[in-house]
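As recorded in Swiss-Prot:
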type	residues	note
BINDING	GLU12	Ca(2+) binding site
DOMAIN	9-31	domain 'Peptidase M12B'
MOD_RES	GLN1	pyrrolidone carboxylic acid
Amino acid sequence: QDTYLNAKKYIEFYLVVDNGMFXKYSXXFTV
């Protein structure tokens, strides 16, 4: 299922961001 794979990718990306990488990119991105 492509939808499941896409969701998994998105979730994994979100987890990486939530792991602290967000602080590294927060300077580049405005949230």
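Each Cβ is built from the backbone N, Cα and C atoms, and glycine gets one as well.
Note that the structure is predicted; figures quoted are calculated from it, not measured.
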Rounded Cα separation (Å) that holds between GLU12 (Ca(2+) binding site) and the residue listed as 'pyrrolidone carboxylic acid': 17
Sequence-distant neighbours of GLN1 (pyrrolidone carboxylic acid) in its chain (C-beta under 8 A, six or more apart): none
Cβ atoms near GLU12 (Ca(2+) binding site) (within 10 Å, other residues, all chains): 10
